[in-house]
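Heads up, the thing below is written out as structure tokens.
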Amino acid sequence: MNLIITMLKRINDWVAIIAGIALLAGVGLICAEILMRAMGVHFTGSDEISGYLMASISSWGISYALLNRAHVRIDILRDKTSKSFRCVFDLIAIASVSFVAIYVATKVVSVIDKSLRSGALANTALETPLIIPQSIWFAGWIWFAISSTLLFLVGLSLFFTRRFDQVDRVIGTESEV
């Protein structure tokens, strides 16, 4: 179990680094466009590219946030129950996240399919083939579905072997108090 979590965290750490570098590159592109405009040179596309970057970074970044337990949860009842019931709440929460991730990823398939079949291009000056940014966005959702499902399965395994403290460390929430 620990190997799965360790590998997920390691991969997500690298994803976060790559996403951070991409974000910095996007900021650099926007700054370059601003400077070029100040010098009277016309340059377009930074808004389009930064939009693609934000969608991609978001879809990939949610897995990093999940592994680092940074997602917001409202746990009014959780902390007032026993360890085993807290684990049940945690399992319901991660199962819900996994379900939503899988659902969204399956819905994105039709978007990708339409873009691929029609050869869709962005209605912008760059005329970006939409399959490129959508594929990166889609891969992020797939990774989120894989990560959340693996966390659910690990949590379930730990629960049934009555390792409630480990369930809390893997899929529980950190106290705000």
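Heads up, the Cβ atoms here are built off N, Cα and C, so glycines get one too.
On a predicted model such as this, the values are computed, not experimentally measured, just so you know.
Positions annotated as transmembrane segment by TrEMBL: 12-37, 49-67, 88-106, 136-160. Sequence annotations record features per position, and here TrEMBL assigns domain 'Tripartite ATP-independent periplasmic transporters DctQ component' to 27-147.
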- For the domain 'Tripartite ATP-independent periplasmic transporters DctQ component' (27-147), the DSSP helix/strand/coil residue counts are 90 helix, 2 strand, 29 coil
- Query: What is the pLDDT of the domain 'Tripartite ATP-independent periplasmic transporters DctQ component' (27-147) when averaged and given as a whole number?
  - Reply: 90
